[in-house]
Structures are given as C-alpha cells and as structure tokens.
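Undergrad: Once you've had a glance at the structure underneath, I'll fire off some questions.
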Amino acid sequence: MRGDRAARRLALQSLRPPPLLLLLLLLLLLLSRAGALHPDELFPYGQSREDQLLQEGDDESSAPVKLASPLRFYEAQFSYLYVGTNGIISTQDFPRETQYVDDDFPTDFPAIAPFLADIDTSRGRGQVLYREDTSLAVLGLAARYVRAGFPRTAAYFTPTHAFVATWEQVGAYEEASSRVPPSGELNTFQAVLASDESDTYALFLYPANGLQFFGTRPKESYNVQLELPARVGFCRGEIDDLKREGPYFSLTSTEQSVKNLYQQSNLGVPGVWAFHIGSSSPLDSIRPATVGDLTKAHPSSPPEQSFGPTAAPESDYTEDNLDYYDENEGEVEYLPSEPEDAWDDHSRIDVSFQPKAEPRPLGGGVSPSESDPASPLPQLTASDRPLYPETEFATLDPQAKEGRALGGVDAPGLKGPVKSWEQPGTRGPAASEIEGGSLGPARGAPPPYPEGGAPPSEEDVPLVHPERKAVLLNYPVPAHTPPLGPGRQVLGVEDVIGSSTEVFTYDAASKETCEHHHGQCSRHAFCTDYATGFCCHCQSRFYGNGKHCLPEGAPHRVNGKVSGHLRVGHTPVHFEDVDLHAYIVGNDGRAYTAISHVPQPAAQALLPLTPIGGLFGWLFALQKPGWENGFSFTGATFTHDMEVTFYPGEETVRITQTAEGLDPENYLSIKTNIQGQVPYIPANFTVHIAPYKEIYHYSDLAVTSTSSRDYSLTLGAINQTRSYHIYQNITYEACRHAPRHPAIPTTQQLNVDRVFALYTDEERVLRFAVTSQIGPVEGDSDPIRVNPCYDGRHTCDTRARCHPGAGVDYTCECASGYQGDGRSCVDVNECATGFHRCGPNSVCINLPGSYRCECRSGYEFADDRHTCIYVDECSENRCHPLATCYNTPGSFSCRCHPGYHGDGLQCTPDPSSGLKPCEQQQRHAQAQHTSTGSRLHIPQCDEQGRFLPLQCHGMTGFCWCVDPDGREVPSTRTPPGSMPPRCGPPEPTQRPRTVCERWRENLLEHYGGTPRDDQYVPQCDDLGHFIPLQCHGTSDFCWCVDKDGREVQGTRSQPGTTPACIPTVAPPTVRPVPRPDVTPPSVGTFLLYAQGQQIGHLPLNGTRLQKDMAKTLLSLHGSIVVGIDYDCRERMVYWTDVAGRTISRASLEPGAEPETIINSGLISPEGLAIDHFRRTMYWTDSGLDKIERARLDGSERQALFHTDLVNPRAIAVDPIQGNLYWTDWNREAPKIETSSLEGENRRILVNKDIGLPNGLTFDPFSKLLCWADAGTKKLECTLPDGTGRRVIQNNLNYPFSIVSYADHFYHTDWRRDGVISVNRNSGQFADEYLPEQRSHLYGITAVYPYCPTGRK
C-alpha cells in the first residue's frame, strides 16, 4: 500500500504541463467570466462511480466506511467515517437526531457538516451517495482547489485519498399530510475530504440553484412557525467538562448566511468553500481558505501564485480583500491579517452579502461586471476551474514520461517539442510574442517572476489546443453526466450487491426504543436505536458502557463499605461496614485504596490480597492505543467474584465486590464482602509483591482471569516467600442490541507495574496501591515498546501536552497561557507582559493560564467586553428620592435634602425641624425652584402639614393621587386638560340587602322598631343569609328553614327541645390530594418554564439558579406549551398550547386541576401576558396574525389588532403606566410595537438593527423594556419610549423567551435547551440550567411571593 501511494504521488508530481502553456491559460483566465458553480461541475458521483447509497429515511446513518488510509481531523487520526442523512459526516456513529439536529455547534461528537438540518429522503425524495476515491481525476481536481485556496501552505499539496459524499435532490422533513403535497424545494450539495499523509482539507460545494430551502423546522415544535437555519461547519467533539466546549468552527448562523453558500466563496468560485481541517502539525482550529487578488504577485512566492485564484501571498492580506461580513450591522467584519493562523478554537463566520462594499478591479482588466455583478470578490475564471462538461480531456500516461529529457516536452497539438523555462539561459516569451499581445499583467503590476527569472513549471494547468479546447494534462476527469465526444467511451464498474438470505424477526410491539427509554442513558451519553432495541453510547471525551459515563483523563473516586467473616489462622474475626475509599489518577493508571478500622489480626493478614484494590486498577487502567479498560465494558454496575487459595496451607477466601452505580458526585459506590480463611501474618512483618501480568478473557457478559502470584514476608533479616492462586470472574450487563465492535479483542493483558500494600496500627488503615496498563498480550522475551505518552512514563509538565512521535520519541508542548520547554511550564503573566486586551480604566488580573479584565469603580464594560466606559451613576437613581446626586468621574455622592438627615442613600426627616414630611419636601422644592429654576413638583400640603390626596404639577398640568407618605398611587395620573382623578379614601361600597335582611327590616318597621317577646323576627348571619335555626321571639318554639327562609316541614319543635338543622350554605369542599404529575412549588421566588409537554419549576436562591431543586410542576401530555405567565394575586399560572390551540390555567395550590379558559378561535397562540391589576390577559396568535385580550376567566374577549402583523410572538405588559408591548419577527421587517392596554396609540418602538426578536420582558423595577434577538444574537434594553437603547449581551445562542428578576435576566435557549442567566449590570453569562430531558424550552416567567408594583 505504501508503495502504491508513493508511486501515485510521484506520478502526480511529475505530471507538470509545459510552462509555455501557462501564458496561453492566462488568456482564457482574463477573457472568461466567473459564474456560479454548475451542477455538472460537482465532483463526479453516482453508482457508476462505485458510490454507496445510503438507505432512504429521516434519520439514517451509514455503516462505518473503513478508509484505506487514515485521515486527520484537527490533531487526531481516524480510520472510519460515517455519513448521515442530515447533511453531516462523522468519525463515529451518530446519536439520535433529536440530540443534535436542532442544536448549534458544538456537537458532542466529531462533525463535518456541509448542511446540517433535518433532512428526509423518504418516499424517493433524493439520495445520499458516498465513497472513498483514489482516482487521479478526483485527486487532481481536489488538489487544484486546495492549492488555489492555500497558496502559501499548500502550494504543493498532492492528495493520496479523497472521500466524496453527495446529497442529491434531498428534501426537508415535513409532517405527513394527506391534504398538503410534499414541498418541491430540494437541495443538492457535496463534501469532499482530500488528504495526504499529513494534512486533510475539506471542500464544500453548492451548485447554482442547489439550495432551495435554507433551514428546517424542529420536529417537536413543528406547529410553531419557526425555522432553524442550517448549520455549516466543523466540530472536534471534545468536551473537557460540562462548562468547557471543544474546538469548533461555524460558517452560518442566519438564513442569509446559508443563502450565501452558493452565491459566494472563500475560494473565488461561487459555491465552492475550502478548509484546512487536520494536520500532523498542531492544528487547534479550522483554517478557511481566503480569496486574493489576481493582479498581485509576490517575488518570493512559488510562481503558480501568479496564475492561481489567490495570487497574493497569504501574509499580505488586508482588510480590503476579505469577504466575511456581519449580517447584523451591515458593516465589514475584518479578519486578522494572517487568515490561516488567526482562527481561535470557537470560530464563527457569517457569509452574509455586503451591499456597501465597493467593487474592486480584477486582474487583467476584468471588471466586476464582467464576472459576478453581485459579488465584490475576486473570482476564479471558468478556465481555471474544472472544464467539463463542455471540455474534452486528454490523458497523459505517466509511464510515457519516464526517460523524457527535462529540456523538452511533447505537447499534443503543437508542432515540435516545447522548450521548458527551467532550462538555464531561457526566458518566457513576452506579451508581444504571443498572438493578440494582450497577455501581460495589468499596468503597474509587478513582474510575474523575480528579476525576470524563469519559474518552475506550473502544475495542473489545462493545455490550450489550436481548436481552443482545453485539455487537463494531469488528471482525467470522467464526467458523470455530460456525453463524451465521438470515438470516446468510458468503462464503468457494475454495482455488485450481496445480501444475506437470513432474516431476523422480532416483536415490534415489545421493542424498547430511545424515544421512551433514553432516560436510562447517562447524561453524557447518546442513545441509538437498533433493529431489536436501543443502546447507550458514551459521548466523545467520556468512557463507560453508556449507562454510566465518566470523563476521560479526570481523577475518579470510589466510596464503599467492607464486611468480613474471617478465620485468621485459628482466630475468628468479624467486622461490618468499615469504610473503603479509593482515588484513581486516570492519566497514568494509578489507583490508591484505603480500608479503615479493620480489626487485627485480620488487617495484617489481608495485606497480600492486593486484588481488593487491584479491581480499581483493572477498571481504570491506562489504555494503550486501541484497547479498553474494565469500566468501558462494565460501567458502574457489576459483580466481581474472587476465590483465592493460599499455599502451602491451602487456606481459601472468597471476596465479592458489588458495584452499585454512581452517586450524584460521580463517585463509584461499591460493597465488599470477605469470607473464608487466610494465613496468619505476625505483627511488624511487611508484605512485598513484585510487578505482575494478568490475562483477562472477555465474553459477552463476563470477564475471567486466572493467575498465580508470589509475595514475600519481611522482617529484618527474615524473608519468607509464599504464594496464592487467584480466580476472578466479573459479570456485568451489556447491551445486546448493538453489534459487537470487531476491533475489541477477546483477550487483553493487564500489566501492573507497581504494587504496594501497607498497614499501620496508629492509623488503623489498610492501604493498597497499584499502577496498571491494559493492552495486548505480550511475550516476556519480546515486549512491545509503548510510546511514553501512552503509558505515563513521559516527563512532560502537568500543564503540558505530550505529543507522541516515532517509536518512543515524543515532544512536550506547554498549554495555552503557559510558557516553557514543555518539561517545565510556568504561567504567562499577560498583565505584566502586556499581552492582554484590557482597555483604559480597567484592571488586568492574571489567572493561571489566562487573565480577566475588571473595570475600575464608576466604569462598566462596553460591548467588546474589554473597554471600560464611564457610568453616570446619578442616571441610575442610586440616591434616595429625598437626596441630590452629584456625579464625579468614577464615583458619585448623595446629599439629603434640607430637613432630612442621612448618608444620601437613606434619608429620614429631621425631627428637630418640627416640619412634617410634606412641609419639608415643599420647602426643598421651593428652594430648588428659586435658585435653579428647576421644574420640580412642589407638593401641596393641608393645614396640618399632611399631603393633600390630589397633587397637580403647576407647570405641566399632570395630576395624580398620593398616599399619606406622598407616594404616587399607581394608575391615577391624568394628562393636562383632562378630569383630575378622584382621590382620598374610597367610598365604602355596600352590598345589596338580602331577602333575610329586607324581611327583617320590614317586620321591625311594622313592629315599631322594637318587637315584643312573642313576635317573630328573622335571624340573619353576617352575610345576610338565613340562620338555619329560627325561633319565635324569646319562646322555645323553633324550626328549621332553607336558604330562602322557608320552613322545613316536620322540624317545628315544642318547648324544651331544639331541632337539628342542617346549614343552608354548603361547607367548604375537601380538596383532592395532589395529582401525581403536579408538585406544589415551595415558597419563595422561582422560575416557571415551558418545555413542550410540561411546565418546569426552577427555584432561585437570590438570583442564583438552584439547579438541584428543579422539578416538573405540571405534565400536560399531548401539548406544546409556548407562552407562560403568572397571576400573583390568585397564584395561578397561565399558558398557551399551540398543539391543542387553547389557553389554560392552573392554581399553584396543592390538588389544583388545569382549566381550559379559551378553546376556540385560535390557530397558533404563542406569547402571553397577565395584567394582575386589571385582571386581564393578552396574547399573540402567529397563525391568525392577531393580538387579543380577555378577562382572566376567558370572558369579554376582544381583538385589539389584526392588521400590519406578520409573525407576532412575544408580548409584555406594564400595568402601572398602562402600556402593552409586542414583537413581530417578520423576516422582511421585524419590529417591536407598543400601544395602550385599550389598543390605542399604536406605534412602532424599535425597527432598526433587529432580526428575530423572540423574547420580550418589561422590568417593573428598572422600568426597562428588554428583548432577546435570535437573529442578531443580542440582548438589548430601552426605555419605554424607545430611547436609551443599549446592548446588554451580544453573544446569545438562540434565545426564545426572556424574563427579568432583580439584576438578572433569564432566557430559554434553543441551542442549549436550557435556561441561561445573564447579569444585567455586567452583561456576563452568570449560570445555566440544562434539564435532564433534552428538548426545546419555550416561555419563561418569574413567580414572586408577593405582587410587585409592576411586572413582565
């Protein structure tokens, strides 16, 4: 194989065209027009090319494709590839699509995604084809693209293998409907991975009209009018911990950036994109190709740069020749000056079109209008791209060139040999020597070759025949579609498909699937359905059996109990539940075990039984490449049985260790039981055990091992050698549904390099320590040399990475943020060296391996999170209302008004002044008015110095009511010219008199006011109801009455007896016990969030998320809950259901049942807002394009707006000021609008620089209206009138709904499928909560233990 590859490479490098033809090519280059990629210009594909065809369906993945030569992805090598329906390639099998298809990067597994979306090829809607290819045609085409895109680093890239995957005419997933035919929008795109022995490049190709849909709807919320743009990019899939993401590169985030995939390019050919994705050299991030200028050349560059699409050297790139734009601001987002070296681990690029960019002249006088009028980018011309279908191809036999002199090359179609420019003393022909005389470079351009010297011959350049047809010299490219010329034919290979005649049947009704049982998997695992059931598989960077997964390389702990019934010699010893603790260093296979309080003489006698701790050595052994330790098979539930026989006494002991899973801190729990007889070991003797090897045999559900071991007892000069024979059997549960991986061997060898056993009477602790490796079975005479990076023998610093080399060679490299030679690494103090981005008025704080910036007092971060800007604290109303604020740079001060004392933050009336609060405020306002002309309101006081209930501003004409402390009463302010509000204590309202009360008054009036003892007067209770027992005056004649006062027959009694009357009003009903799917929330502030078919409850501790206390509040099967809000007065939660097309509510009291209050006239009810003051609710309907309101019981329903709405979503209410706010994410003209609560004074508040304003909240405390935008990725706020707009956070993922509480925002996110917390003051992400069940979260609201003065 290596010889074949070398021969192929030699052939490729030797096939260089005659240099004279380069200028002929340039003629075509300058006269041709660069258009979009034609579908026929894709890499050849089809079953005639021996492509494999992916099974049609909605979520299919290919069998592993074994590569003839491993390819590199980031820094790692992979030998297998998988192709998925959903526009993605991976180095491992895919999880269920719901775990990644709707999520943003990064994914939990390695991903190469040319168009990641919910694609469905069912019912013949397209096909997915893939193959590995080593043909010269494909390799040559790939080489030309790569060399064009990376002229500095890949000028001589010669691939040896390529992997081609094509999605042809595939459709988006759509819900099946008999009324609506499938959409005719179909996509075609292609991914090509080209690699040599050291580097891998990816090419993504999107032909003209190949992308007809740009995103897909999530399945679980298909009825919600929301489409997620396709994701394009790469992800390594490495996650160090729950907070840290592995390296990834994202090319798209909006619909426009997806459209630009076929309209633009980073290679100069619209629709073609190139990326450097793997290398044997360190490659921490994906490096995209960059477009240069055809008129530029660099003297020191290889000569092919003068003719390639990126002739400018890569180090000369400036802001003017970059093609990536920010779709949010409409301005150019410039990249660093070294495009190939400047991408960080988490790169995102939007390829949105920039309408403001000025077109640049292209080389050779070709204007933009002659190429692509819609693109400001320099383009590859048609002649510099693959020339089929209209071009004929000639093939040169590599063998025909052997022995040919370097001085001349026969050119077909040209008379005589063509002299090479590589010959000494020759030069290239001048422009005047060529027909037409127009082949020279643009005026003013530097000469194409340094000092007029002759360049080496250019590779891969088509030869021009006299008939003006180009011939690709190096690589024949048999087209899959275009017809060949006369006399030519292509021999194809027929598809040979072999299939097994054996059929496996099972009962589909009893099959367990991921849909219903994925909760059995670890939170760090994905679930995969197989023919007979499902299996769990650990994610990348974790290992285990799928049901239990632990992070790779991290230390692990074991907790447990040990019990024993032993006979030590002839002495019985019993102990119960003594503690066992183990600590495992996963990076080098060390396992330390400690067992405390084992009584003597048992503790001393157990010293030789290192297998007690040796179990953890096998479980977490350091893995040699391609081998797996025990935990990878067993997970955290298994049984380890050992039988140990000692010699020469033949004592036998049995040990059973039962693993019972992982506790909440991921500690392994284990119980150990020891029974039998062990030989006595005198006190003070030490036990020594030499390193040993054990062979483990693996079957489906068990692991066995049999071995013998010597140990020595030592005390001074005494040295005795003894031995024991050990038989081990480990049983565990494995998933039978997944096929056994063929690479997993049935026999492995455990090498225990260091063994240690010790007991001390002072501590009463029995200790074992082992260092273990797992790998292949090795002979004693011929051990296999293992690279120190794999067995932990390297000497790299703990803060360095070990890079294996050939044999036992390796290198050490300090991690980012550290410096040194790798053997010794020290922290780089970015603050001291100046390698930081902290701006003026900020403080740089050094951290291990990093740094952070903090603003000085009185400053806050700008949007770049590095620059600190001045804060006017006085504008934030930090002082007491009865104090004056004085702002100074970096600080402020407060001073109480005259007549008050305090520090300005708190002011109280000065009792020595003798003035009432109203009089004090009145004098202060009068003084301010006199001295400064201030327009402060001067309070009106009565004769006793108290606030008058009605206050009116003498200059503005506004009037309002105040309470006795002078505070404004909400909702009482009236504008100038209108009727002032009625203030003062409300007039008492009297309920209507009841029948009992009216009858009583009539009789008393008839009796003259005072009845006699024998006169009857109806007896009424406090509510006016008849008392059940009625009596005649003061006599003992009594009877019972009903609720209307009518006598109940048969109840009149005689004197001396009293009838037993039943109450006329029914007693309170007994509440039912809580529903099993309803958990009453605790007292305090908490969040309620909608998650499909349930409403979740997330408590807050201050502003921190109490994630361990989160639970499901209400399960609503069959629903899709979108909007949610809370009525604090009656403690009721309200929600919209787009699946049921209803609005419902439920009390938070125990035993409450959901109640549907609106069940008609709805299509897609989404946003919901509650006005608890007016007992009114407001909602949006994106299906009807309408905003409505109703009373909280569903009555008095009224449509407020039904025009000028396209996609109304979020809605919020300000009960105090009486304002209503809503968003409309109309893609053509998104906006935020406002009106009064009655629907009057409708107006647009915000319509600039917004994209998809999904979430909206009004904060009653800061009086700010804030929104979360899934298009611009920003969280912004403004004052209620639209002024004072500012950005809080500009790096959101995909927010859906938002609510504010205290100084934090909480929003649901569709990429993270969780609740994200953002600090309002700093704009920083504070925390996140990711529910165990992964699905989209919708609405969110905050529940207070009281009714605030205003709310969301």
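Along the chain as shown, the residues are counted starting at 1.
Glycine is no exception: its Cβ is also placed from the backbone N, Cα and C atoms.
Below, the features straight out of TrEMBL:
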DISULFID  Cys952-Cys959  disulfide bond
DISULFID  Cys1031-Cys1038  disulfide bond
DOMAIN    785-826  domain 'EGF-like'
DOMAIN    827-869  domain 'EGF-like'
DOMAIN    870-908  domain 'EGF-like'
DOMAIN    915-983  domain 'Thyroglobulin type-1'
DOMAIN    993-1061  domain 'Thyroglobulin type-1'
REGION    286-321  region 'Disordered'
REGION    354-384  region 'Disordered'
REGION    403-460  region 'Disordered'
REGION    970-991  region 'Disordered'
REGION    1050-1075  region 'Disordered'
REPEAT    1131-1174  repeat 'LDL-receptor class B'
REPEAT    1175-1217  repeat 'LDL-receptor class B'
REPEAT    1218-1262  repeat 'LDL-receptor class B'
SIGNAL    1-36  signal peptide
Undergrad: At the Cα level, what's the spacing in Å between Cys959 (disulfide bond) and Cys1031 (disulfide bond), rounded?
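TA: Distance (Cα to Cα, whole Å): 57 Å.
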Undergrad: Going by DSSP, how much of the repeat 'LDL-receptor class B' (1218-1262) is helix, how much is strand and how much is coil, in residues?
TA: 0 helix, 23 strand, 22 coil
Undergrad: Cys1038 (disulfide bond) to Cys952 (disulfide bond): how many Å between their Cα atoms?
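TA: Here the two Cα atoms lie 62 Å apart.
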Undergrad: Far apart in sequence but close in space: which same-chain residues, 6 or more away, have a Cβ under 8 Å from Cys952 (disulfide bond)?
TA: Gln940, Phe958, Cys959, Trp960, Pro980
Undergrad: List the helix, strand and coil residue totals of the repeat 'LDL-receptor class B' (1175-1217) as derived from DSSP.
TA: 0 helix, 23 strand, 20 coil
Undergrad: Are there residues at least 6 beyond the ends of the repeat 'LDL-receptor class B' (1175-1217) whose Cβ is under 8 Å from a Cβ of it, and what are they?
TA: 225, 970-971, 1123, 1125, 1127, 1129-1130, 1132, 1134, 1136, 1143, 1145, 1157-1158, 1161-1169, 1223-1229, 1235, 1237, 1239, 1242, 1253-1258, 1260, 1265, 1267, 1280, 1297, 1349-1352
Undergrad: Would you mind listing the long-range same-chain contacts of the repeat 'LDL-receptor class B' (1218-1262), meaning Cβ under 8 Å and 6+ residues beyond its ends?
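TA: 254-255, 328-329, 971, 1167, 1169, 1171, 1174, 1176, 1178, 1180, 1187, 1189, 1200-1201, 1205-1212, 1268-1272, 1278, 1280-1282, 1285, 1295-1300, 1302, 1305, 1307-1308, 1320, 1348-1352.
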Undergrad: Report the same-chain neighbours of Cys1031 (disulfide bond): residues 6+ apart in sequence with Cβ closer than 8 Å to its Cβ, ordered by sequence.
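TA: Those within reach of Cys1031 (disulfide bond), by Cβ under 8 Å and sequence separation of 6 or more, are Gln1019, Phe1037, Cys1038, Trp1039.
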Undergrad: What are the DSSP helix/strand/coil residue counts across the domain 'Thyroglobulin type-1' (915-983)?
TA: 16 helix, 11 strand, 42 coil
Undergrad: Taking the Cβ of Cys959 (disulfide bond) as the centre, how many other Cβ atoms fall within a 10 Å radius?
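TA: Other Cβ atoms found within 10 Å: 19.
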Undergrad: Near the Cβ of Cys1038 (disulfide bond), how many other Cβ atoms are there if near means within 10 Å?
TA: 18
Undergrad: Could you give the number of helix, strand and coil residues in the domain 'EGF-like' (827-869) as assigned by DSSP?
TA: 4 helix, 18 strand, 21 coil
